[in-house]
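Notes follow once the structure below has been shown.
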């Protein structure tokens, strides 16, 4: 159903693994997370953002220490809504490690609704995937991909998803979802949208979009209008 459900799923997994953990998210995080905090009744702490929209890592560590939190649940942005800022996964992990918290003792969700379909196609992308240390990631299908109906995909580690799996005998299946019944058309639309372009076509499409964005920034700044 879009980025909000993907983010809820990631936060839900984090809460199930660490029931008493605190969710840390920055001021530039999507507004849906404040709703998710209420729905999941999860402890949370708001972290300051840097001027570019990226998480303030010093403030993150300061607040984890202040809370004496041993099992933080980190909400990282891979492309914020307004500035497109990408939180540095490597810095987050290094900073938490310096607190003496081992990797197995915290959860890291990545909200890649905006940039999850951009970074795989650019040279030298910022860290954002499972190899870089995340536990779950959500990507929207109606943003860069261009599906006409809001949709998205969330990917998480199987061992964590299995923790919330419930056997439903009358449908002979295990339920691992939040919403249960879902729209059967949107996955097809998202699949078709992805398949409609080759890898190289996606690279060219994204490169053109980034170049156009940079051109707009340059024009604004040359006219004395602050832009980023």
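Glycine is no exception: its Cβ is also placed from the backbone N, Cα and C atoms.
Here Swiss-Prot flags 30 as substrate binding site, drawing on similarity to another entry. Annotated N6-(pyridoxal phosphate)lysine per Swiss-Prot: 143, in sequence order.
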C-beta crowding around the residue listed as 'N6-(pyridoxal phosphate)lysine', within 10 angstroms: 19
Per DSSP, three-state class assigned to residue 30 (substrate binding site): coil
Between residue 30 (substrate binding site) and residue 143 (N6-(pyridoxal phosphate)lysine), the C-alpha gap once rounded to whole angstrom: 14
Cβ packing number for residue 30 (substrate binding site), 10 Å threshold: 20
